[in-house]
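Chemist: Quick one: the structure is below, and I'll ask about it shortly.
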């Protein structure tokens with residue numbers, strides 16, 4: 001069995017050996033394994049005997065969580081959470097925790113780390129927007145225009161479908177980029193460009209209202225979702241490792257996979273969330289778009305349902321929970337909504353030739369929280385990790401609604 005090490009993608013972001021049967025993420029003690037079923041069985045059996053594999057599960061597929069306003073169609077061309085990623089290996093299983101002993105031996109002494117709902121389309125939400133000639137309604141609702149902070153010197157990672165790096169609003173803005181999908185970082189889906197724009201777009205875009213929050217932040221673009229809007233454990237974990245290795249203070253993930261009922265959170269993503277907090281970083285993730293209110297209220301998706309990852313719900317301009325936004329309905333640990341952000345009829349950058357678009361989704365709410373997190377991080381160097389989480393929660397605006405739907409309230413700029 002050929003095993004690639006995630007050390008190959010540290011900082012540089014180059015994908016590990018594409019012909020490898022597995023990739024081992026030393027930072028987390030996690031491996032994602034594919035290949036011949038017989039060899040996989042032998043691998044698992046050997047690991048079980050040595051007690052070096054503590055858990056295993058099939059690899060999960062994640063998708064972008066944004067939708068077009070005009071039709072409610074997903075940016076992703078596929079809805080299902082159990083389909084293979086276009087262009088990728090047929091990964092048969094992900095063996096995702098505690099494999100450090102066995103894999104370390106196979107890698108030649110690498111030290112271990114210490115550390116389905118498939119609903120129909122969403123109809124476009126009916127909204128009455130405030131005047132957006134100068135600022136989008138999302139920036140107005142979060143009091144961003146009144147803030148004197150810009151996210152200067154704060155590293156913000158957007159893990160998504162990439163970025164239209166030739167977009168006029170992002171010239172010279174990207175501090176680091178990497179693709180983990182086998183494709184160029186260049187975004188042709190538009191989802192990643194839209195999210196990056198909300199979180200870190202310019203203070204004075206030409207011919208457009210201001211739509212971006214942390215306009216002076218150092219922007220890191222990790223392409224973990226393919227041009228179809230789909231990704232996998234392999235691509236998402238690789239992006240998280242890259243962002244943390246680059247010292248990103250805020251990591252924004254507008255992606256997820258649906259959960260059902262009392263599905264537990266995935267322990268490997270909780271491990272990553274804890275690692276991030278310990279290293280003064282905060283992961284912020286979209287809660288999911290599987291609800292069809294009032295008839296169906298779906299639970300928070302993965303990985304946002306992890307206790308150590310901040311889960312974001314979406315609200316509309318009237319401060320009502322969006323009809324698609326998932327809710328904290330699980331009796332298990334995790335699975336709660338932490339905070340809300342504007343997520344309906346959101347104007348932001350988009351890939352050319354359109355340049356700008358209006359989207360809706362918890363994907364759109366998440367970068368509002370991420371951008372504002374960068375503003376708080378600029379205030380005080382102690383606002384990192386768990387302290388940054390606390391600052392966001394304390395600074396929120398109370399809005400009407402159930403905490404299971406909107407969390408502690410609407411995120412507010414300092």
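Heads up, the Cβ atoms here are built off N, Cα and C, so glycines get one too.
Keep in mind that what you see is a predicted model, and the values were worked out from it rather than measured.
Straight out of TrEMBL:
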{"type": "ACT_SITE", "residues": "160", "note": "active site, charge relay system"}
{"type": "ACT_SITE", "residues": "191", "note": "active site, charge relay system"}
{"type": "ACT_SITE", "residues": "363", "note": "active site, charge relay system"}
{"type": "DOMAIN", "residues": "151-378", "note": "domain 'Peptidase S8/S53'"}
Chemist: For the domain 'Peptidase S8/S53' (151-378), provide the mean pLDDT of the predicted model.
Modeler: 96
Chemist: How many other Cβ atoms are found within 10 Å of the Cβ atom of residue 363 (active site, charge relay system), counting all protein chains shown?
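Modeler: Cβ-Cβ neighbours of residue 363 (active site, charge relay system) within 10 Å number 34.
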Chemist: For residue 160 (active site, charge relay system) and residue 191 (active site, charge relay system), determine the Cα separation and express it in whole Å.
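Modeler: Distance between the two Cα atoms comes out at 7 Å.
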Chemist: Using a 10 Å radius around its CB, how many other CB atoms surround residue 160 (active site, charge relay system)?
Modeler: 32
Chemist: Would you kindly give the Cα-Cα distance separating residue 363 (active site, charge relay system) and residue 191 (active site, charge relay system), rounded to the nearest Å?
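Modeler: Roughly 8 Å, rounded to the nearest whole number.
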Chemist: How many neighbouring Cβ atoms, not counting its own, are there within 10 Å of the Cβ of residue 191 (active site, charge relay system)?
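Modeler: A count of 31.
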Chemist: What does DSSP call residue 363 (active site, charge relay system) in the simple three-state scheme?
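Modeler: It is helical.
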